[in-house]
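Peer 1: Heads up, here are the entries from TrEMBL:
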- 156-190: repeat 'PPR' (REPEAT)
- 191-221: repeat 'PPR' (REPEAT)
- 223-257: repeat 'PPR' (REPEAT)
- 258-292: repeat 'PPR' (REPEAT)
- 293-327: repeat 'PPR' (REPEAT)
- 328-362: repeat 'PPR' (REPEAT)
- 363-397: repeat 'PPR' (REPEAT)
- 398-432: repeat 'PPR' (REPEAT)
- 468-502: repeat 'PPR' (REPEAT)
- 503-537: repeat 'PPR' (REPEAT)
- 538-572: repeat 'PPR' (REPEAT)
- 573-607: repeat 'PPR' (REPEAT)
């Protein structure tokens, strides 16, 4: 691209050329020749234009000795932009304004045609860049940005910042960093937001050292957001000391911390050192004229509760209005959860009532904290009372409100009540999630009601709730224990069709069921299939096979499996040895079984307390 310089106007930083235009009869006169400046460093081809007695030099790109290729071109362009900016003005997007050096306005139309043409191409390229990034075509946008850079175009900052953000979201921080490098090398000036986006991307991936490197190389002054992003990452990583060093650096740069800065540091201090030191930071914060907000106080109250000082937390909560800050629902939830965890559920219910009276509306989380605690304590009646209060306080119960109740009823083997509340849940427009169904299926299988469990499992997809691995494992285990391994294998096939990969629990349940049913050869086949899938059998898997073999009076084969078990690095359990001892006795080798039992007891492999139970079976 050519650069245009007026011959009769000089600027600091530009080489001074003199030319006398003797012939004004032609409107435009073009003279082409090469000029060498600065001890033979060739800039390139120079064209002289004379229009209305105004003479211009056009510095055309060339491959001289001092500057070569694209790098030469970029350096010349950057020098020109810097030179003009010292005496005239640049437009907001970093382009040279159309300056009229003769009349204080703009280039005349004829002499600026080439410049305008390149300016238009650059404008179109930036438009295309914006379009690609807006459409999520990041790789295409990156390719266009690189080609713009090699042509010497100056990219707009806004789409480049969006490109950096997009690459960071995709965890492609190296490409995001390359975008920043292109911005800087092209002559454009990145703003603080551009740097902040890249720093945030690095921090979210835990690449804090790279974030600090970007902080060091920033060409603009970091703002409080820059420092807060880095401080948050350091504090979340447990690097409080390094965070304090960054804070000192921030203060040296006269970038003053805000309430977010102090809240981040107070939270980290409470976790790593203690609330006492956190309170000192609070005092420092106030002394510097930075007013704490409700989030700051919530952090401190949470720290106090975690230190087991619930009464102090309650007092702090009550005193907050005197500090000029009203507690919010999160503040109350922190204290409420602490009350429940320490067994003070009556105080928790009282606090809930006080919240309502003070005009602080409880949230769904508030009620769920209480319901969950009461259900764990077996106080299902009180939990139901809390559940019924929710709509009256403008809260709609969700699955997390009902799940503890269903779990409580299942634990008490009151399946009728569990099913009843499942129906109530649906009738109120709250659809069960997979946790709800897993809870019910576990209880049903435990009670031997596997047929109902299979019916519910079959209906899950139609209810918009896709079964997961644990769902199938629960029902397969229930079927296997009820001697229905054929149905269990059918479910295994269904799992595979849906793309769910069985795990060691799945196969252990099936192997155990097959062995109990005497289908030992089928069980062994499944065992070898398991090895072929790359899954590593555990002690439970081996024990199931050995138990089945011993029951089939094939203890010698069971001993072979013991050898294989040890060879594969799977440590035998006490149950492994007692299965083999009982197997020997079952085959009429009681004397040998007793000798092995005594040896194993003397070595501590089998507990002597377990020996009497084994002897009864010998």
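Note: Cβ is positioned from N, Cα and C throughout, glycine not excepted.
Fair warning: this is a prediction, and the values are worked out from it, not measured in the lab.
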Peer 1: Cβ under 8 Å to the repeat 'PPR' (398-432), counting only same-chain residues 6 or more beyond its ends: which ones?
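Peer 2: Residues packing against the repeat 'PPR' (398-432) from afar: 364, 367-368, 371-372, 374-376, 378, 380, 383-384, 387, 390, 439-440, 442-444, 447, 449, 463-465.
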Peer 1: What is the average pLDDT across the repeat 'PPR' (538-572)?
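Peer 2: 89, rounded to a whole number.
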Peer 1: Give the nonlocal contacts of the repeat 'PPR' (538-572) in its own chain as ranges (CB under 8 Å, at least six residues past its ends).
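Peer 2: Contacts of the repeat 'PPR' (538-572) (Cβ under 8 Å, skipping residues fewer than 6 from its ends): 504, 507-508, 511-512, 514-516, 518, 520, 523-524, 527, 530, 579-580, 582-584, 586-587, 589.
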Peer 1: For the repeat 'PPR' (223-257), jot down how many residues DSSP puts in helix, in strand and in coil.
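Peer 2: Breakdown, helix to coil: 26 helix, 0 strand, 9 coil.
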Peer 1: Using DSSP, how many residues of the repeat 'PPR' (398-432) fall into helix, strand and coil, respectively?
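Peer 2: Tallied per class, the repeat 'PPR' (398-432) gives 26 helix, 0 strand, 9 coil.
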